[in-house]
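The N-acetylalanine feature in Swiss-Prot is assigned to 2. Under the heading repeat 'WD 1', Swiss-Prot lists 53-94. The feature repeat 'WD 2' is assigned by Swiss-Prot to 97-137, with similarity to another entry given as support. As annotated by Swiss-Prot, repeat 'WD 3' applies to 139-178, with the evidence given as similarity to another entry. Marked as repeat 'WD 4' by Swiss-Prot on the basis of similarity to another entry: 180-221. Look at Swiss-Prot and you will find 222-261 tagged as repeat 'WD 5'. If you look up Swiss-Prot, you'll see 264-303 marked as repeat 'WD 6'.
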């Protein structure tokens, strides 16, 4: 049997105990049955289609919990919502009202009709797709850049450019708590159990707070440079972080140790998404491809080619379909064509 390969990259290499890197990583003995099966599927479903969504760059894409709708937020100050009809996205509505760029959005975890947008105009807005109206506008203290909805649906957390995270009651639309951090806050997320709140920061750390008390539980030295994004797997077994060192690290939720690294990207990892079964992890950056890895082995499962940097990816909650959006083309081609499009990978080749 081959000797275990060393895990390289994150700064806590070789330590043991919670919040550290596992000092070794198992070597896979060839592709798993799952990898072979998904590769076979993608060979027949490797088509990527573009759908016009906005008049400027798309910052964020997200699926409703039932997978019927995809929402996108853009530099053009609007959100768009599409219906998924078989093998295509059909634009349902455009949501206007923000006075600045829509930097991030997310859906209610269990109500497929509600989504929330975070904007540089110092507000968040909650929208209902049934009425196509904004049902609440909540004023915040700064320019908002990230947002997440708690798994129980009761709270929305929003982070701004001044590293303040505000917790807003999703029913009363009032602020419940506010935390000012002394470090650069990048992405924020609850764990699946709703009892801990995670932040990635500019020092390469993952900060964990108890929830709702918001008391510090642990700070994990995850990467030697800026820790940019974080996602929890739907099964509740792992979470993944992406960093400016171009590494994706996979962490055991209970032990808080790094179990695996993914190192196929060359540029800072901007966005991550787990597939609905928790078995695939998509990661993207300024590299002109999206890496799709098998979670349990780290093996490369597929590569989605792009013509420009990718800053948002989202797996469908029920099917192996990946929504994503890229940066505007850099003048090499007709720059107007790609600006504001949403893309869908995993469609049948003959569609």
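Each residue, glycine too, has its Cβ placed from N, Cα and C.
For the repeat 'WD 2' (97-137), the model's pLDDT averages out at 98. Outside the repeat 'WD 6' (264-303) by six or more residues, the chain places 25-26, 28, 31-32, 34-35, 38-39, 42, 46, 226, 228-235, 237-238, 240-248, 250, 309-320, 322, 324, 345 with a CB less than 8 A from a CB of the stretch.
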